[in-house]
Amino acid sequence: MTVLVFLDHDDGVIRQASRSAIAAAAKLGDVDVLVTGADAAKAAAAIPGVKKVLQVTDTSGNSELAEPMAALLADLAGGYTHILAASSATSKNVLPRAAALLDVQPIPDIIAVNDADTFVRPIYAGSALATVKSADAKKVITVRASAFDPVPAEGGNAVIEEVALPAGPGGSTFISTELSQSERPELESARVVVSGGRGMQNEENFKLLDPLADRLGAAIGASRAAVDAGFVPNEYQVGQTGKIVAPELYIALGISGAIQHLAGMKDSRVIVAINKDPEAPIFQVADYGIVGDLFTVLPQLEAELDKAG
Amino acid sequence: MKVLVPVKRVLDYNIKARVKADGSGVETAGFKMSINPFDEIAVEEAVRLKEKGVVTEIVAVSIGEAKAQDTLRTAMAMGADRSILVETDTVTEPLSVAKVLKALVEKEKPDLVILGKQAIDDDMNATGQMLAGLLGRPQATFASKVEVADGAVTVTREIDGGLQTVKLALPAIITADLRLNEPRYASLPNIMKARKKPLEKITPADLGVDMTPRLSVISVAEPPERKAGVKLDSAAELVSRLRNEAKVI
């Protein structure tokens, strides 16, 4: 069996989540990968275990669109038993469309591979884990990256082959992308995540998390409530409909711990909660909790970290 | 122009799902069921487009058991003009639902289909993309802003790390993300009015769609429970524990 993994990259660097998807794919068979751009293709070729890199050469910007990418995946599917990608905004846009073209029911967000047809995936915001068996001849799968240890980035030497992007169905035009500028690690692969909730009260106060995040080299996340209230953009959202993270250390400040938020962070190794409400559900999953006003505790925490050096 | 809005009846957002004792699924009997929150956002967007004079007719569709008509009534109370229930007791999957919707799109000929990006029960996040794929039409998923002008729709999309803007020629498919709008509460007079709006009932067989699921559920289990830890009195103690006990800093 050979499996095709569709990779995400940032400026030619393959995302860690995509390397986790390769780890999941390796349980199923030999791994070929598909990626856009020459730099990303070179990076992909260096990943151990990758047999062949299919490089999409795109000068039109159309690889940003689901229509031609889904058509390409469907065209390539003939040679593969499974098509995988790490769960991301891109893969969730493209893979279901490709699955429809192949008359396949996709299997999103898997957290375990039981055999070639059987997978485990969370449902109901992670309140339950379903083991599902696919009757489709081909499987189209997205992988929850936090459930699979990523393969290394270096050590391999795969061949690179170019593939052309098919003309998609007309009618879709890429206009622009605006990415938030940030020096911080990406949420999904950060070792430490500092997250704020409604308890941060406003956009100004939310910035109070910056020094703590700087101190710990952390990514900054937020609950849906904080995003809804407009404190931070949606890409900060951790939870059922946002990003799923599993860092070594997750610090939740002013987050009550709605099921939808817990769904996005409860697999973190160590969870710290700071909340003034002793009954907040976040304390039920936290390893360490402090009941108190976060605006008092936060500066104390920074001072203690500085003191400890 | 005409908009089709599919809506799903799901376990209410505020209820924590419990796994059935026999591990066959999640307990829903006796619990409050509601319109899927993302579908509610989709309905709201269609209603706003109608209020702006862009849209002339909104058709809500639900695929599921007979009780899904409650969900359609909710959509009509918010402002949908009429609705179609495609009644089936078979487990619905995005692929089969997309096939039903494709058949309805071919019949109703809407200029736009607006769906929620994801149902909060199976968390699939697939139906809109699959419908667009089956129809060979342009798609804009995870929309946070929708503007219709001159036979096209410009959509701002939520992507990892920021926003993307795409322009789609109509007819097209859009899926709604959280920040697209804040859905209204239906007023009592509108709830009353919705009871009199037309609700057509058909079956997947009427549309020639085979609903047989492709995924079979082998088992459903509770996730491993995480134990509550300790409450500490000071930031100093927290830093000490993180350093010496958990060894994460």
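Yeah, the Cβs are placed from backbone N, Cα and C, and that goes for glycine too.
Here TrEMBL flags A:3-178 as domain 'Electron transfer flavoprotein alpha/beta-subunit N-terminal'.
Feature annotation from TrEMBL assigns FAD binding site to A:Arg198, A:223-224, A:237-241, A:254-261, A:Asn275. The Cβ neighbour count for A:Arg198 (FAD binding site), using a 10 Å radius and every protein chain shown, is 17.
Within 10 Å of the Cβ of A:His261 (FAD binding site) there are 29 other Cβ atoms, across all protein chains. In terms of local Cβ density within 10 Å, A:Gln237 ranks first among the binding-site residues A:Gln237, A:Gln240. Each of the binding-site residues A:Ile255, A:Ala258 was ranked by the number of other C-beta atoms within 10 Å, and first place falls to A:Ile255. Contact annotation for chain B: of the listed binding-site residues (A:Arg198, A:Gln240, A:Ile255, A:Ala258), A:Gln240 place their CB atoms under 8 A from a CB atom of that chain. Taken residue by residue with DSSP, A:Ile255 (FAD binding site) is part of neither helix nor strand, so it is coil.
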